[in-house]
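Some notes on the structure that comes next.
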Ligand SMILES: Nc1ncnc2c1ncn2[C@@H]1O[C@H](COP(=O)(O)OP(=O)(O)O)[C@@H](O)[C@H]1O
Ligand SMILES: [Mg+2]
């Protein structure tokens, strides 16, 4: 995507759950060009940067598989970074809640950070529920479709409820947590993810290997 992608904070939130990725630059702000670009940085790191965007229900296995993938990439000498939902919500996005509007803003910021990391030449693993199709598309457009790999961690809701690794489904059922994805907030299943993983009957390491297989087949994890 060409040009500057700057969200005007006054119009950042829209009813259709997207953000204004084509909005005009904020008044009196000019893009500062740098001499070194993403290609130069990536070449120094010896890799082709990419954003690997995990989506799936809470408890589906995003963080677990992201961690396994990180280990596999690291073992092959790749430079990675992980943006994980809970961790980012404890820092950068600690001011955001779980309303639809806050979820959209959560995603917008994460996509912006992922793009900065991409510019730094990194392989970025993003692990967020990212429940809305439109917000995932907005992230894909912001980052550039050709640098974006969507990974759907497909675990049936009932399995996630049974796993309940953080006890959140229990809390949601007791009404102690509101707007919980899959319970009283929607999850829109990806229609055409680059990688579609089923975790039932699979191991986290096995699922991570499936992603590695895809990355290699599409020449992502090769040396630049
Ligand atoms: N194939 C699998 N991939 C990932 N997690 C799995 C798998 N099989 C079982 N699990 C378990 O499911 C839970 C997933 O939790 P977590 O990774 O925190 O989910 P999320 O980040 O999507 O909320 C963990 O307790 C993990 O051990
Ligand atoms: Mg997680």
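Each Cβ is built from the backbone N, Cα and C atoms, and glycine gets one as well.
Features reported for this protein in TrEMBL:
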REGION    1-21  region 'Disordered'
COMPBIAS  1-12  compositional bias 'Polar residues'
DOMAIN    48-198  domain 'APS kinase'
BINDING   56, 57, 58, 59, 60, 61, 62, 63  ATP binding site
ACT_SITE  130  active site, phosphoserine intermediate
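Of the chain residues outside the ATP site list 56, 57, 58, 59, 60, 61, 62, 63, 129, 153, 155, 160 have their Cβ within 8 Å of the site's Cβ mean position.
Of the listed binding-site residues 58, 60, 63, the Cβ environment within 10 Å is emptiest of other Cβ atoms at 63.
Rounded to a whole number, the C-alpha distance linking residue 56 (ATP binding site) with the residue listed as 'active site, phosphoserine intermediate' is 7 angstrom. Taking only the Cα positions, the spacing between residue 59 (ATP binding site) and residue 130 (active site, phosphoserine intermediate) is 13 angstrom. Taking the Cβ of residue 62 (ATP binding site) as reference, residues of its chain lying under 8 Å away and at least six apart in sequence are, in sequence order, 54, 55, 56, 85, 127, 128, 129, 153. Under 8 Å, Cβ to Cβ, and six or more positions away along its own chain, residue 130 (active site, phosphoserine intermediate) finds 53, 55, 107, 136, 139. Counting only residues at least six positions away in the same chain, the Cβ atoms of 129, 153, 155, 157, 160, 181, 182, 187 sit under 8 Å from the Cβ of residue 57 (ATP binding site).
Listed in sequence order, 153, 155, 199, 204, 207 are the same-chain residues at least 6 apart in sequence whose CB falls under 8 Å from the CB of residue 61 (ATP binding site). For residue 56 (ATP binding site), other Cβ atoms within 10 Å of its Cβ number 27.
Note on the domain 'APS kinase' (48-198): its mean pLDDT in the predicted model is 95.
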